[in-house]
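Peer 1: Features from Swiss-Prot:
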| type | residues | note |
| --- | --- | --- |
| ACT_SITE | Y223 | active site |
| ACT_SITE | H405 | active site |
| BINDING | H405, H407, M480 | Cu(2+) B binding site |
| DISULFID | C147-C589 | disulfide bond |
| DISULFID | C225-C276 | disulfide bond |
| DISULFID | C262-C288 | disulfide bond |
| DISULFID | C383-C496 | disulfide bond |
| DISULFID | C387-C558 | disulfide bond |
| DISULFID | C459-C481 | disulfide bond |
| REGION | 586-610 | region 'Disordered' |
| TOPO_DOM | 1-9 | topological domain 'Cytoplasmic' |
| TOPO_DOM | 31-610 | topological domain 'Intragranular' |
| TRANSMEM | 10-30 | transmembrane segment |
Amino acid sequence: MKVPSPSVREAASMYGTAVAIFLVILVAALQGSEPPESPFPYRIPLDPEGTLELSWNVSYVQETIHFQLLVRELKAGVLFGMSDRGELENADLVVLWTDGDSAYFGDAWSDQKGWIHLDAQQDYQLLRAQRTPEGLSLLFKRPFGTCDPKDYLIEDGTVHLVYGILEEPFWSLEAINTSALHTGLQRVQLLKPNVSVPALPADMRTMEVRAPDVLVPGQETTYWCYITELPDGFPRHHIVMYEPIVTEGNEALVHHMEVFQCAAEFESFPQFNGPCDSKMKPSRLNYCRNVLAAWALGAKAFYYPEEAGLAFGGAGSSRFLRLEVHYHNPLKIEGRRDSSGIRLYYTATLRRFDAGIMELGLVYTPVMAIPPQETAFVLTGYCTDKCTQLALPPSGIHIFASQLHTHLTGRKVVTVLARDGREREVVNRDDHYSPHFQEIRMLKKVVSVHPGDVLITSCTYNTEDRKLATVGGFGILEEMCVNYVHYYPQTQLELCKSAVDPGFLQKYFHFVNRFNGEEVCTCPQASVPEQFATVPWNSFNRQVLSALYGFAPISMHCNRSSAVRFQGDWNLQPLPEIISKLEEPTPRCPASRGRSPAGPTVVDIGGGKG
């Protein structure tokens, strides 16, 4: 259908009071299938001002998401959508806009220059537009996958949501360019696992670990650290659940929070309450790294399986806890107070199993490096069959949650389980991973790991903005590739990671010298980062390094909780032999789509259907 287009002068004359009144009285103008009976369990603010709020629920049976978008201060329209990394270009969008006479709701997309186009396949279905005391509420749905090349495939991992505010009418959807709008992005996991809530113990108690009335700095990013401690003589307990406590009014400010337990070998830790990067922060706080709880925007309460709990308190456990809160304050608001934190639910009735946390992936070492100017360079770390055979109990372990972690150049992380040389299943995968959005995620399905299994963790990096090689290490400009898996029963195996054998890396430096006129320093006193810094990064040297990581022996770290390796020969270990890999997931098209509209849905001023 052709959308009517009044003249520019007519549109301008209609703008103002008429547009505002028209959009405010938009009440139930559209009729469609009713939303599911279940409420909207997930809710996030989209913009820092809190004028846009998104709620949603997930139907795995229908493979559909129902969205509810609340627009508190509607001007001339709004756009919402998804893109690969949060760009407004090449985005999958749904737009509510007005031309001055009528309003339209339509599935759209933006091109590489930010111009918006109506999608020929209308996959966003508007179910209801309703004025509420809070603002205009838009209820619509969309399948996970549509098989429309202009649409975003909604997957299990991180989704980069984008939004835009239309402040004036547009005579046509094609007249809108995202660069002229007030826009932004928000990261979230849309496809939350449908995990049933386990029974909770009758003697359950709570403990709140909260920031003590923090005056949030008026800068875009702040990591705030606060040290607290358990009561004297606090006995051993099991954490069975935790949930966020966000100060009312700060929902758009608190991005993520973590509670760490400090190292038991220190009898005391100094008190601290301030920015984590402060020069006044005691260095001993760097030994508070054992994660007890982690929450990120959009996440709900985290439950441990009925048969397991995370132990804390008692002998051999530190009394000291560190709370870390990430404040995201792009508007640089001054004077805001915050007492957000995490509420721990714990029981003195210990469950059958202690839960454990194991590190998978790559060792923090500069021998694993990413050349500069790479768009998708892959590094892989192994937890080998030799290590799991030695360190896991005969009945194996059961992974129920996972937290992926890289530094700034990480773009994708996946861990797969292999058995008898064949990849069997994915433990966790995030194809749109962002280092700015990290949370402990419940797995849809518990993954059982048997002695002799292999766990393979691969990270994909983008270093297009780097001039030198990015080496592995603890620094924020260095890189990591880690999956912290949460499992039960707890074992002595705390770290199962690898890195290329250092001797073979030196052979790489000597080898590329033959083709580069001794440009790479291989002198004994040169460090590995210094050697990488002198490599001329032509295509040959890049390919050889990638090939080296794909065949060279590895140094295996099969470590106990005491940071001591299990007994055995762990150097110059061959890479696990994988004879069969999992196929890449194939998007599923909706079985029956029904009749989608040929164009946008039109709503006239009187509330009738267009």
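Every residue, even glycine, has its Cβ placed from backbone N, Cα and C.
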Peer 1: What average pLDDT does the predicted model assign to the topological domain 'Cytoplasmic' (1-9)?
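Peer 2: That stretch averages a pLDDT of 42.
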Peer 1: Of the recorded positions Y223, H405, H407, M480, which sits closest to C276 (disulfide bond) by Cα distance?
Peer 2: Y223
Peer 1: H407 (Cu(2+) B binding site): which of the disulfide-bonded residues C225, C262, C481, C496 have a C-alpha within 10 angstroms of it?
Peer 2: C481
Peer 1: List which of the disulfide-bonded residues C147, C481, C496, C589 have their Cα within 10 Å of the Cα of C387 (disulfide bond), in sequence order.
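Peer 2: The disulfide-bonded residues passing the 10 Å Cα test are C496.
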Peer 1: Give the sequence-ordered set of same-chain residues, not counting H405, H407, M480, with Cβ within 8 Å of the centre of the Cβ atoms defining the Cu(2+) B site.
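Peer 2: Going along the sequence, the neighbours appear as T406, G410, P435, E479, C481, V482.
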Peer 1: Out of C147, C558, which of the disulfide-bonded residues is least crowded by other Cβ atoms within 10 Å?
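Peer 2: Looking at the disulfide-bonded residues C147, C558, the Cβ with the fewest others within 10 Å is that of C147.
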Peer 1: Which chain-mates of H405 (active site) that are at least 6 residues away have a CB under 8 A from its CB, listed by sequence?
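Peer 2: In sequence order, V413, P435, Q438, M480, V482, N483, Y484 meet the Cβ cut-off.
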Peer 1: For C288 (disulfide bond) and C225 (disulfide bond), what Cα-Cα distance in Å is obtained after rounding to a whole number?
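Peer 2: Given the Cα positions, C288 (disulfide bond) is 11 Å from C225 (disulfide bond).
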Peer 1: Could you state the CA-to-CA distance between C262 (disulfide bond) and C225 (disulfide bond) to the nearest Å?
Peer 2: 13
Peer 1: Quick check for the class: what is the C-alpha distance, in angstrom and rounded, between C496 (disulfide bond) and C558 (disulfide bond)?
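Peer 2: Pair distance, Cα basis, whole Å: 5 Å.
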Peer 1: Compare the C-alpha of Y223 (active site) with the C-alpha of each of the disulfide-bonded residues C459, C481, C589, and give the closest one.
Peer 2: C481
Peer 1: So which disulfide-bonded residues are near C558 (disulfide bond), with CA atoms within 10 Å, out of C147, C225, C383, C459, C481, C589?
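Peer 2: Passing the 10 Å Cα cut: C383.
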Peer 1: Counting every protein chain present, what is the number of Cβ atoms, excluding its own, within 10 Å of the Cβ of C276 (disulfide bond)?
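Peer 2: Taking every protein chain into account, the count is 17.
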Peer 1: For C481 (disulfide bond), what is the tally of other C-beta atoms lying within 10 angstroms of its C-beta?
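Peer 2: Neighbour count, Cβ to Cβ under the 10 Å cut-off: 27.
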Peer 1: These are the disulfide-bonded residues: C225, C459, C496, C589. Which one scores highest on other Cβ atoms within 10 Å?
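Peer 2: For the disulfide-bonded residues C225, C459, C496, C589, the Cβ with the most other Cβ atoms within 10 Å is C459.
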